[in-house]
Amino acid sequence: MGFSGSRANTALGAWSKWLTLCLAMTQPFSVTAKSAADYYVHSLPGQPEGPLLKMHAGHIEISPETSGNLFFWHFENRHIADKPRTVVWLNGGPGCSSEDGALMEIGPYRLIDKETLNYTEGSWDEFANLLFVDQPVGTGFSYGSTEHYVHELDEMASQFVTFLEKWFEIFPHYEPDDLYFAGESYAGQYIPYIARAILDRNKKQDVLANNRVWNLKGLLIGNGWISPQHQYPAYLPYVYQEGVVQGGTQEANLIEAKAAKCMKELNVEDTTGTVHIPDCEDILQAILDYTHKGKRCINMYDIRLTDEYSACGMNWPPDLKDVQPYLRRKDVVKALHINEEKQTGWTECAGAVGSSFKARKSKPAVELLPGLLEEGLPILLFSGQKDLICNHIGTEDMIKNMKWSGGTGFELSPGVWAPRQYWTFEGEPAGIYQQARNLTYVLFYNASHMVPFDYPRRTRDMLDKFLGVDITHIGGDPADSRIDGEKGPTTSVGAHPNSTAAAEREKEKLNTAAWKAYYKSGEVALIIVSTAAVVWGIFLWRSRRKHQSSGYRSIYPMLGLNSTGSLGRFSHKHSRGNGDIEAADFDETELDGQPSQAFLSRSSGDGETYAVGEESSDEEDGASDGQQLMFDQSRGEGRS
């Protein structure tokens, strides 16, 4: 004798309630919480032959109220030296995409045409994880409400710390890494502010209590816009020194008049603490006008080159003509997990972001550097010799006048300065090193505003020295890099074996982090479903006992429940072994093993002469002739 209709309805109602409850409880995890696997890049259009590098990319929401989302592109290190390191790279502008850095400077790939990628020898991902971030909101692939674009540097830094907190929640196995920030141009304002925000965050009680301190270990800034008070006045001596402007001419007198007006503004107390001074911007515009010959003018990013007037460098570097169409391809957008509904197409520099981000209430980042250095944070500043817009004379004047740790500039003792040491790389003069009290300065000979574009191998050597990478214990072919004729720590710019011991330590760290990653990615739903199943089993058992005398054998065979139901499928997901934490979501064969010889064979771009690129196809507001060229053109404020 079976259940009566009322009892059947009661049991079915109970089952429906439990099923609804389980679905409701799992919904937030399965829909809103993303895992590292959701960001995994399975393939990259145009990728070269050989195994695909391990990458993750996509958007992370930093402000639900304003729909603020920052885009990131992460490359895992190809080899591990003595310990794991992560380098965060930022381009400047403000409003210029860090994909410039990824595809034209320090990333592992460069475009050889609009459709084909090639490996870059000297890329920075050899011994360090690379994290490229389009920030602030509105830059590159990042998006959000235009009404809430950032205006000040502390606001930008706060948003970036929020981004990192959310990023480490998704990728917890990278949180213990030694953390470095690197970038160029207007990132000379970004990076010190972000560093200050991180150090302040690390002192908070909840961070200390939860062991979430980030191991910030150093900053690298190339051709940085850091100190307007020293860098605006450097335009005139630089163009005289390089022979760009001939003194005594009517045009030169006009430039000198604008420089004098700028100096007057700099001496006004209200302007000494500002990042942007319009009257001082006129100096650069006057120089560009001076070089206007026919339809050409000097390239403000590399004075060895010319460009169409009035772009004057905006069409450079030549790779730019391929980068934009590549990043606008639908298959690339899909591969990088970009929200197509929120994007109108990648643009190198967002004019709207630059227009909003004037930092009128922010003090220049140079005022933060002494405190950072005194707290023990190593900082490296490097300059390309042939850059005009953020030239090396301005950077050197800034260092000379900066006071920290009981000294001024590179003083070793009162009146005694650290020597300028001559650097050679593979037998060629490469530049100058100078250092004291946690600050290092490197001048690259014959280099532009984008030094890694010109010399990827030399900048990688600089990076490895700064990070303290030493390949002595893991073997490899060392680079011949000498400072004042002496070799320092053994570095290698190219292929070499991995460190087995370090790899094992990294694997153990990944395994430890695996549960945390799964928990945040929605696998906690397994616990909920399991609990519901146990409760349902108890309900069945009690029902059986209650109705044994009625010949009860099963409940609703039409539901098709058996011992290998959904819980069996969840268990199968966890049977993939102890590989990568995203193993359930992609083919591990793409990642395991050492790179093939084809993968390790890449071409060098050192020493090449680059032709001026074609006219930029950016679709935002272009520059108009006349004043404030840098602030109205496609590169935002021009300091990318």
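Placement of Cβ uses the backbone N, Cα and C atoms for every residue, glycine included.
The feature signal peptide is assigned by Swiss-Prot to 1-24. The topological domain 'Lumenal' annotation in Swiss-Prot covers 25-520. For N118, N438, N446, N498, the entry in Swiss-Prot reads N-linked glycosylation site. Residues or ranges marked as active site by Swiss-Prot: S185, D387, H449. Here Swiss-Prot flags 478-503, 590-640 as region 'Disordered'. Per Swiss-Prot, the feature transmembrane segment maps to 521-541. Look at Swiss-Prot and you will find 542-640 tagged as topological domain 'Cytoplasmic', backed by sequence analysis.
Using a 10 Å Cα-Cα cut-off from N446 (N-linked glycosylation site), the recorded positions that qualify among S185, D387, N438 are D387. In this model, the topological domain 'Cytoplasmic' (542-640) carries an average pLDDT of 37.
The Cβ of N438 has fewer other Cβ atoms within 10 Å than any other of the recorded positions S185, N438.
Taking the Cα atom of each, H449 (active site) and N438 (N-linked glycosylation site) are about 24 angstrom apart.
Mapped onto three states, the DSSP output places S185 (active site) in coil. Within 10 Å of the C-beta of D387 (active site) there are 27 other C-beta atoms, taking all protein chains into account.
The Cα atom of D387 (active site) lies nearest to that of S185, taking the recorded positions N118, S185, N438 as the candidates. There are 17 other CB atoms within 10 A of the CB of N118 (N-linked glycosylation site), with all protein chains counted. Here the Cβ of N446 (N-linked glycosylation site) has 16 other Cβ atoms within 10 Å, regardless of which shown protein chain they belong to.
S185 (active site) and N438 (N-linked glycosylation site) have their C-alpha atoms 21 Å apart, to the nearest angstrom. Secondary structure at N118 (N-linked glycosylation site), taken from DSSP and collapsed to helix, strand or coil, is strand. All chains included, 30 other C-beta atoms sit within 10 angstroms of the C-beta of H449 (active site).
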